[in-house]
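Q: Pasting in a structure now, in structure tokens, and then I'll have a few things to ask.
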Amino acid sequence: MQVDEGIAILKENGHKYTDKRADILTYFIHAKGYRSAKALLAYMETSYTGISLDTIYRNLRLFEQLELLESREKNGEKLFKIACKSGTHHHHFICESCGLTKPLQKCPLPVYTEELADYHVNTHAFELYGLCPTCHNR
Ligand SMILES: [Zn+2]
Ligand SMILES: [Zn+2]
Ligand SMILES: [Zn+2]
């Protein structure tokens, strides 16, 4: 995703362009993997003195609603990354060295259909960790 694509989606959905929003998009586009709200705040504070965590969270929620960002929880903390192109339900391979995330299109949930026949699954999480080709060959 490019910054102007994200801005276009904001505008289409009736949200104003602000330099802050463009900077948040830029931050996530340049990050290869997941980042916390606190990491974003630290980055934003370099340009916007006194910006609050509240403002950060408000924009993160908005961006997630608009599917510009996707999120996951790790140790009780919500982490965000720029949305993968796929748009549909998917999982990730995450590089433990550089944080690069690769979307995985196949969902393993159907494997358990039989085993959980009498159960109702509400949510599921599936992630693979390891080294990306660049880090693996280093
Ligand atoms: Zn994704
Ligand atoms: Zn890597
Ligand atoms: Zn799935």
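Just so you know, glycine gets a Cβ as well, placed from its N, Cα and C.
Just lifted these from TrEMBL, have a look:
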BINDING   H89, H124  Fe cation binding site
BINDING   C95, C98, C132, C135  Zn(2+) binding site
Q: Using an 8 Å cut-off from the Cβ centroid of C95, C98, C132, C135, can you name the remaining same-chain residues around the Zn(2+) site, in sequence order?
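A: What remains near the Cβ centre is E96, S97, G99, L100, L131, P133, T134, H136.
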Q: Under a threshold of 6 Å between Cβ and any atom of ligand 2, which of the binding-site residues H89, C98, H124 are retained?
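A: Checked binding-site residues vs ligand 2; flagged C98.
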Q: Please report the DSSP secondary structure of C135 (Zn(2+) binding site), reduced to three states.
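A: Reduced to three states, the DSSP call for C135 (Zn(2+) binding site) is helix.
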Q: Within 10 angstroms of the C-beta of C95 (Zn(2+) binding site), what count of other C-beta atoms is obtained when all protein chains are considered?
A: 20
Q: Can you count the other CB atoms that lie within 10 A of the CB of C98 (Zn(2+) binding site)?
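A: For C98 (Zn(2+) binding site), the count of other Cβ atoms within 10 Å is 14.
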Q: Ten-angstrom check, please: count other Cβ atoms within 10 Å of the Cβ of H124 (Fe cation binding site), all chains counted.
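A: The Cβ of H124 (Fe cation binding site) has 10 Cβ neighbours within 10 Å.
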Q: Looking at the binding-site residues C132, C135, which sits with the largest number of other Cβ atoms within 10 Å of its Cβ?
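A: Comparing the binding-site residues C132, C135, the most crowded Cβ belongs to C132.
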Q: Please list residues from the chain of H89 (Fe cation binding site) whose Cβ is under 8 angstroms from its Cβ, counting only those at least six apart in sequence.
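A: The list for H89 (Fe cation binding site) reads C107, given in order along the sequence.
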Q: If I take the alpha carbons of C98 (Zn(2+) binding site) and H124 (Fe cation binding site), what is the distance between them in whole Å?
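A: C98 (Zn(2+) binding site) and H124 (Fe cation binding site) have their Cα atoms 25 Å apart.
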Q: Restricting the comparison to the binding-site residues C95, C132, C135, which residue's C-alpha is spatially nearest the C-alpha of H124 (Fe cation binding site)?
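A: Looking at Cα distances from H124 (Fe cation binding site), the smallest one goes to C95.
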